[in-house]
Amino acid sequence: MRVWEGAGVRESLWERGGLAWFRPRCRTDCGACSVQGTRPFSLTAARAVLGLGSWGGDSGKQKLTLQDVAELIRKKECRRVVVMAGAGISTPSGIPDFRSPGSGLYSNLEQYSIPYPEAIFELAYFFINPKPFFTLAKELYPGNYRPNYAHYFLRLLHDKGLLLRVYTQNIDGLERVAGIPPDRLVEAHGTFATATCTVCRRKFPGEDFRGDVMADKVPHCRVCTGIVKPDIVFFGEELPQRFFLHLTDFPMADLLFVIGTSLEVEPFASLAGAVRNSVPRVLINRDLVGPFAWQQRYNDIAQLEDVVTGVKKLVELLDWNEEMQTLIQKEKEKLDAKDK
Ligand SMILES: [Zn+2]
């Protein structure tokens with residue numbers, strides 16, 4: 001796995017809100033990287049070079065289609081599905097970008113005159129002024145937003161015993177809310193579901209501090225009074241231990257979905273290349289990204305449209321429409337009852 005100049009985590013944190021002014025740079029300057037930010041090369045140009053008709057590297061082999069993938073799933077020939085999910089999977093749930101002027105969250109954060117937006121995720125700044133981070137936490141704390149069709153598709157994969165793991169870059173916790181059990185999840189950039197005291201390192205359920213966070217209070221440890229920080233990965237902090245499950249998950253996967261991510265974030269992005277060569281990789285995203293643009297394989301499928309439309313197409317091909325509707329309705333009723 002390549003190491004990127006600067007904090008890879010920083011880049012990843014930025015992607016959460018769709019900001020792309022930090023670009024990772026390959027330390028080895030190998031020229032073979034798939035990091036788009038290092039190449040002033042447009043998507044249109046890329047597609048022209050690749051040729052839409054001759055998609056895929058191995059010209060002798062027949063191009064795989066979404067229909068073929070649906071068949072593989074239906075016949076249970078793929079039953080160790082790994083999913084990589086990014087911000088695009090949460091956009092349909094209305095998760096706000098805290099750097100978008102005009103959003104309520106942006107104006108709530110404006111009052112703090114943050115020196116630069118990424119300071120929210122810097123420990124040094126957090127210890128001086130934790131309030132901006134907790135303003136964001138209040139917005140994203142479990143309960144404010146609801147999963148959408150794409151999250152429930154992952155849940156259905158799990159219910160059918162086909163899901164090996166979801167790797168998500170999102171910190172909104174919507175995969176959990178959708179009912180995907182935590183042991184099927186790798187929340188690569190952390191979670192609000194748990195929290196750690198910054199002084200004594202005691203672990204707490206995130207739920208213990210809901211009252212404080214909702215009342216705009218900085219939560220403190222009941223043992224040592226230190227500030228308690230939700231387990232969101234800050235710049236310079238290590239990725240969660242669970243992230244290393246990728247070492248066994250990806251070689252074992254028999255199908256990879258890459259949904260709603262720009263794959264610009266390391267080390268997350270490189271995972272797409274860690275599945276075996278014979279494994280179909282399906283990108284559902286607005287744009288062609290990462291290895292789908294630069295190191296494509298003959299069994300890559302790119303469904304270039306918005307996430308929900310793309311997933312709906314697949315569900316249609318799988319003939320899972322009815323099951324999806326039943327699941328979504330059942331979960332909606334559960335969440336409605338909780339909200340009461
Ligand atoms: Zn403590």
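Keep in mind that glycine also has a Cβ here, set from the backbone N, Cα and C atoms.
Please treat TrEMBL annotations as automatic predictions, because they have not gone through curation.
Remember, predicted model here, so these are calculated numbers, not experimental data.
Database features (TrEMBL):
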ACT_SITE  HIS189  active site, proton acceptor
BINDING   87-91, 97-99, 169-172, 261-262, 285-287  NAD(+) binding site
BINDING   CYS197, CYS200, CYS221, CYS224  Zn(2+) binding site
DOMAIN    59-321  domain 'Deacetylase sirtuin-type'
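Taken in sequence order, the binding-site residues ALA87, PHE98, THR261 that lie near ligand 1, meaning a CB under 6 Å from one of its atoms, form an empty set. Of the recorded residues, CYS197 (Zn(2+) binding site) and PHE98 (NAD(+) binding site) place their C-alpha atoms 25 Å from one another.
Around the Cβ of SER90 (NAD(+) binding site), a 10 Å sphere holds 27 further Cβ atoms from the protein chains shown.
In this structure the C-alpha atoms belonging to CYS200 (Zn(2+) binding site) and ALA87 (NAD(+) binding site) are separated by 33 Å. The Zn(2+) site is defined by CYS197, CYS200, CYS221, CYS224, and by the 8 Å test on Cβ atoms against their centroid, the other residues of the chain that qualify are THR198, VAL199, ARG201, ARG202, VAL223, THR225, GLY226, VAL228. Listed in sequence order, the binding-site residues near the residue listed as 'active site, proton acceptor' (C-alpha within 10 Å of its C-alpha) are ASN170, out of SER90, PHE98, ASN170, CYS224, THR261, ARG286. Cα-Cα distance from CYS224 (Zn(2+) binding site) to ASN170 (NAD(+) binding site): 30 Å (rounded to the nearest whole number).
Secondary structure from DSSP puts THR261 (NAD(+) binding site) in coil. ASN170 (NAD(+) binding site) sits 26 Å from CYS221 (Zn(2+) binding site), taking the C-alpha atoms as the reference points.
Comparing Cβ neighbour counts within 10 Å across the binding-site residues CYS197, CYS224, the minimum falls on CYS224.
When secondary structure is read from DSSP and collapsed to three states, CYS197 (Zn(2+) binding site) falls in the strand class. The recorded positions in question are HIS189, ARG286, and the one with the fewest Cβ neighbours inside 10 Å is ARG286.
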